[in-house]
Every structure is written in C-alpha cells, then in structure tokens.
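Structure first, then comments.
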Amino acid sequence: MSKLNILDILFVLQSYLIGWEEFRMNKWLIGYIVVIAASVIDWMLSVSMVCNENLRVRRLIRPFFLLQNSSLMKKTLKCIKRTLPEIASVILLLALHLCLFTMIGMLIFSKSDDPKKNGEWETYFKNLPKSLSSLLVLLTTANNPDVMIPAYSLNRGYSIFFILFSVFGTYLLMNLMTAIIYNQFRGYLLMSVQTSIIRRRLGIRAAFEVLCCPGRGHTSTQSEVAVNMFLQVLGRVHMKSHCRQAIIKAAQQFPDGFINGEAFQRLFIELDKDFMKEHPPKPEYSSPVLQQIQYMYSHFYIVVLGNVVALANVICICTVLVLNSEKSASEKNNFYMEILNCIFILYYLIEMLLKIVAFGWRGYLSYRNNIFDGFFTVLLLFLVSGTVYQLKICISSVSHDPSEIKSLLSYDDYAQETFLIIFIVFTSEPRLSLCSPFSLISNSSIENKTDGPFSMDCGTFEQLEYWPNNFDDFASSLVLLYNIMVVNNWHVFTDAYTRYTTEWSLVYFVAWWLTSSVMWVNLFVALILENFTYKWDRSNALSVEDVERIAYQSTVQLIFREHIQEPTEEELLAQLQQHPHLHLSW
C-alpha cells in the first residue's frame, strides 16, 4: 500500500507542477506512471503467490527507468527511431539476400546417396533453420572458412557460392547499412544541435525582453538592458563559474551602461564553449642553468624524446622475452636487461624531476600527460625498490648455490619486465578465472575428450570449455552478451543454447546482435568519426598550442558551427509571441 500511496503522490505532484495539459502530452511521464503501476501490480501478485511465480514482469521493465532518467538515452532512442525507416529497406534486402542464398544452398548441398559427400549437408544445411543460422553467422564472418570446408574439400567450385554470399552480404549490404546509419546519425545530431541552439537563443531573447528598460524605448529595435540590473540577475543564475566570469567581463565593457538586443545575444556565446584550462605561470629563475633547463624541458620535443625512449624500452623488453622464451629459469641470464631497466627508470625519474623544475609543482600537475607519466614513474621506482628488498631477504634465506641465486634473479627479472610492459604500453589481457557451470549441464560431468563415452565434436561449446559464459548471474550475463556482440565464435554460444534449451533462443541472440552490433556499435563509430573528422580538419594546419586549445574548446555546438543556421530576429520574436507561458506587451 505504501507504494500505491507514493504512486498517487507522484502522479498528483507531476500533474500539478507542469499542468495537466503538459502532463498528457509528455509520453515519457505517462509511460513512467504505467510502468510503476505495472510494477506495483506485479509485486502484489508476487506477494499473493508467496514469490513462487514463474515470471516477474517488473524485472523486464526495469530498463525503462534508466531510459526515462537519461536525456542522452532518450536522444539516442530518437536517433534510432529516425534511423530505422531509412535502414528498413537495407534490412529487407539483407533478409532477401539471406533467404535466397539459403534456398540455393539447400539445393546445392542436398543429401546425397554417397555418405562421404554429405558433410556439408549434415553440418550446415540439414534443414531450413540450420541453413539460415549458418549463413547468418557467415554474414558476420564468424564461421568462415569452416562453413565451406566440407564442400570445398570435394570440389573447389563450391567456394564460389560462399564468396558471392560474403561479397554481396558482408562487404556490400552491411557496409551500406553502416553508411546509412552514419549519415542518419549525423543528420539527427545536427538537427538536435540546431534545436538546442534555437532554444538557447530564444531563452536569451526572452530574458532580454523581460529585462529591457521601458524608459529607453519600447520597440524591440530600441530596447536596451541596464548593465547593473543584468549583473544583479546574472549573479542569481546557475551556470558554470568560468562562463559567468566571461559574461561579466564582457558586460562591463559597455561605456554607457546599456546593452542592446544584438550585443545581449553575443554575451552568451561563452555558453557554447568549454572551459579552456589555463596553466599556472612558470617559475622565474635567476640562475642561467635553471633557465636553460626550463627552456629545454618546456619544449614539445622533450615529449617526443620521452616517447622514443619509452618505445626503445618496450623493444628491449620484447627482445629479451623472445630470446628467453624457450629457456628455463636456471638458463636465463638477464644481467644486461637489468642494467637497461635501471637506466630507463633513472631516465624517467630525471625527466620527471626536471619537468617539475621547469613548470613548478602546480604547472607540472596541470598537464594530464605529466600526471600519467609521473604516476607510473613513481610506481616503477617503488617496484624496483620492493624487488631489491625482496631479493635481499630471499638470498639471505637460501643457500649460497649460484644456480639458486641466478634462478631468483631470473624470476625477478621477468616480474619486472612484465610490469614494465603493462605500465608503459598500458595494455592488459584479462582472463576470466571463474568456472561456473552451464545453465543446464555442469562441466564436471563431461570431460574434455575427443574419444570415449564423453566424446564431443571439435569447436563445440563443451570442447572449447566455454562454461563461464552463461546467464547464471548478472555479471556473467553481461560478459556473454558482450561476446555475442563481438560476434567472434558467437555461433558456438547459439548452437549450445539451441541444443540445451530451445531453438527459439536463436531469435533472442539474433535480436541482440542486430541491436548491439549493427545499431549501437555503428552509432558509436559514427560519433567517433564525426568528432575525429572535425578535429582533424581543424588541427591539420595548426600549431601544437592551437591544437591544445581546440581540445579544450571544441563542443558539439562548435563541431557543427559551419552547418548550423542562426535564427533570425523575426523568427525569435514570432516564437516569443506564440509562447504559452510568456506574455509580452510590445
């Protein structure tokens, strides 16, 4: 009952605050009320059935709350809604392409009287669902060339069928769909930015009309706003501090103390910019040596030199790892590598200290790349100190046999080399160590054998030991869906779930692939391409300082500045006259 009371209070408050007419026009709020009501009803049914129901509807509708409370998610859904009609024709063409080649494949690879020639039919084209799923997976290249090997082993001409399918499906239709999604996303984003700009200009113009002084003219072309009144109101407005300071500084430049409409609009251009970070001033030294150090380590080429040294460090480590890859711990001699590691770490430490001298503490920490480099330099220094201390303890506790001491040194060298590779290259390869059972079958009951009573086909879910990929909990479900999105070996998962659950599970995985890999990933790629193209075009002929300034100032509005049309004065005044909550007397 408490949830019902909260629902009633929420419904009444939202209706009262925004008005009943506005509430009825807001589909998200109506959907919010419906979802909460459905959740409460489902909860009451669960309580009445002592939580023994087979299906809980409220779990299925929980993602709605994430969508309803995120403006970014709403915009993305609108973009998808706008994109779907455009790609519907390509999806239909893709479906026809898939069905056509499925029928042709079932005719070509039909069952033969000779059992030795039925490999392709038995494995991939035995029935319609299996044929469709095999070619759908081939569309993502996940089972290529496995899907054509049985037929290709009999006759090389069969490869023409699979090559034609991949050329028209994967390289033509799928890329065409990516291009359409990118184009529609760019058009929607441009339209969204255009709408945002119009709303902002309209709000600024409305503020000007409310604040304008009646004593200095009454028509819109002669109205002006007093600077003192504007600054008083601006002090009570919630905005970023750097934007407020820039607007105040610009407003104080008017000599007569009044601002006209056009100048009032220009004051708020600062809202379209991100904060440009200003680095603290460099310390001033009287010593010529310190001045020379400051000049050298403030130059951009020092950054290039540091990257070259880090690359040389990585090359040295990789070279030693390759040379010692087939040696045992007692056979390895990493004395020279240990000296090189100490030299590199000493260089990193000296570079960090000299940069601190050149920029000062605050100036050094104002650069994100310096924070990154300094953190790993200090970390490597602690690692080296810790390993040296550990070696002293280990050497004192073992016998004085040179082979044992050499084995310890070799083991410590590899540990240090591993740390260096991880920290310098900043790459890692996590490995899932959990081995939870599959939803229906435990891996403890099946041994990984290729013969005997528990024999299994090579490349199957069981043989590959994919047991951690399951829906047993939320975390493993996320990992499994991510693996499906990547589409590498995703047919292994779909095959296992269709065998152990139902063939309709394939529909779920295909729907997830279309939503995640085809739609969401392509939208993400479109955003990256748009941002990269803008910054590449802007920074191609600029200096390093200008590139750094663009990195701080480039917002979405500035990215589309060349394509955005500013609203005219007449358009703004016409929309203000039609505004339901603003009544101006002109």
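Placement of Cβ uses the backbone N, Cα and C atoms for every residue, glycine included.
As written in TrEMBL, here are the features:
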- 12-185: domain 'Ion transport' (DOMAIN)
- 314-385: domain 'Ion transport' (DOMAIN)
- 466-534: domain 'Ion transport' (DOMAIN)
- 29-51: transmembrane segment (TRANSMEM)
- 87-109: transmembrane segment (TRANSMEM)
- 158-182: transmembrane segment (TRANSMEM)
- 300-323: transmembrane segment (TRANSMEM)
- 335-359: transmembrane segment (TRANSMEM)
- 371-391: transmembrane segment (TRANSMEM)
- 506-529: transmembrane segment (TRANSMEM)
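Of the ranges 29-51, 158-182, 300-323, 371-391, the one with the most Cβ pairs under 8 Å to the transmembrane segment (506-529) is 158-182. Ranked by number of Cβ pairs under 8 Å to the transmembrane segment (335-359), the listed stretches 29-51, 87-109, 158-182, 300-323 are led by 300-323.
For the domain 'Ion transport' (466-534), residue counts in helix, strand and coil come to 54 helix, 0 strand, 15 coil, using DSSP. Per DSSP, the secondary structure of the domain 'Ion transport' (314-385) breaks down as 59 helix, 0 strand, 13 coil.
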